[in-house]
């Protein structure tokens, strides 16, 4: 599974500005989903890869980013 890492509080994606390989996104994806996860900056959001099927990613149901 893949997807944008999401802030559970506000429903927003984790933003990033350095597209492609991005240490911040990799660190955040691994922190949330485990050290087997990958992560990079895609369309100014942190995109996580190699996730388990039940991983919660953006968008959150009934929670819009404000």
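A Cβ is built for glycine as well, from the same backbone N, Cα and C atoms used for every other residue.
These figures come from a predicted structure and were not determined experimentally.
In Swiss-Prot this protein carries:
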DISULFID  12-65  disulfide bond
DISULFID  16-41  disulfide bond
DISULFID  25-46  disulfide bond
DISULFID  29-48  disulfide bond
DOMAIN    1-66  domain 'LCN-type CS-alpha/beta'
MOD_RES   66  asparagine amide
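Structural mapping of features recorded in Swiss-Prot.
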{"residue": "12", "record": "disulfide bond", "DSSP (3 states)": "coil"}
{"residue": "25", "record": "disulfide bond", "DSSP (3 states)": "helix"}
{"residue": "41", "record": "disulfide bond", "DSSP (3 states)": "strand"}
{"residue": "46", "record": "disulfide bond", "DSSP (3 states)": "strand"}
{"residue": "65", "record": "disulfide bond", "DSSP (3 states)": "coil"}
Shortest C-alpha distance to residue 12 (disulfide bond) - which of the recorded positions 25, 46, 48, 66:
66
When the Cα of residue 29 (disulfide bond) is compared with the Cα of each of the disulfide-bonded residues 16, 41, 46, which one is closest?
46
Would you find the one among the disulfide-bonded residues 12, 16, 25 whose Cβ has the most company, meaning other Cβ atoms within 10 Å?
25
What recorded positions in the list 16, 65, 66 lie within 10 angstroms of residue 48 (disulfide bond), counting C-alpha atoms?
none
Cα of residue 65 (disulfide bond) to Cα of residue 46 (disulfide bond): how many Å, rounded?
15
Quick one, of the disulfide-bonded residues 29, 41, 46, 48, 65, which Cβ has the fewest other Cβ within 10 Å?
65
Within the chain of residue 66 (asparagine amide), which residues six or more apart in sequence place their C-beta under 8 angstroms from its C-beta?
10, 11, 12
